[in-house]
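Scroll down for the structure; my scribbles are underneath it.
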Amino acid sequence: MKKTKKTPTGGYGGSGSHKLYQRVKKKAGTIKASSRRWLERHLNDPYVHQSKVDGYRSRAAYKLIEMNERYKFLKKGQKIIDLGAAPGGWCQVAQRIVGSSDEKPSVVGIDYLPVVPLPGVIMLEMDFLHTDAPQKLIDALGTKPDVVLSDMAAPTTGHRQTDYLRTTYLCEVAADFALSVLKSGGHFLVKAFQGGAENTLLTTLKQNFKTVHHVKPPASRTESVELYLLALEFKAKTEVK
């Protein structure tokens, strides 16, 4: 990560930050109350401020940084695939840690949304659910990955259970991909939503990896139902019981 200004006490722009709270003024008929609350939260989010200082494209970069600081699953020289990569924050973190370069790229991301090019990162603009996507990812990387990352979440519909089920499906598809392409000893990190259905996925991961952790990094908003499943040390088929 780039050198940054000294982090205030309390974390990334946390309790030690004296930045004044910004309020969004209400004008009749211009903005809904829910939208105003979201905008105020965004404007006053310490991770949003820090991402601008550090040059990361999203606050989500700090989720990956915090999880890696704890579990050390990203290391120099690894090959990485990032699913649902837009706008590129996780790719930026991975590129920095593994030392990927334009001459020898070792990070490949994919998203159906366009992503502004990043140094040392190959970005595929296509839906990961497309039949050709898995092979295109491997072709772009040139080998099996050491780590598969997935921060995918389905576009929200406003119906909580529907959103939950759609994102759970993406988790399962990402896991199937990871199990089919990871090197022996590789790692898999996936975003899931708390709700019960992730237990089936958890069972599958425990059968195929040495250890599996539930992780809620500090950068994940307290009110969010998201959590991350981190599966470490993939067992080759001959090792799976």
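Just so it is clear, glycine is given a Cβ too, placed from its N, Cα and C backbone atoms.
Applying an 8 A CB threshold to same-chain residues 6+ apart, the list for Lys191 (active site, proton acceptor) reads Ser150, Asp151, Met152, Ala153, Thr167, Cys171, Glu226, Leu227, Tyr228. The annotation active site, proton acceptor is assigned in Swiss-Prot to Lys191 on the grounds of sequence analysis.
Marked as S-adenosyl-L-methionine binding site by Swiss-Prot: Gly88, Trp90, Asp111, Asp127, Asp151. There are 22 other CB atoms within 10 A of the CB of Asp151 (S-adenosyl-L-methionine binding site), with all protein chains counted.
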Among Gly88, Trp90, Asp111, Asp127 [binding-site residues], residue with fewest other Cβ within 10 Å: Asp127
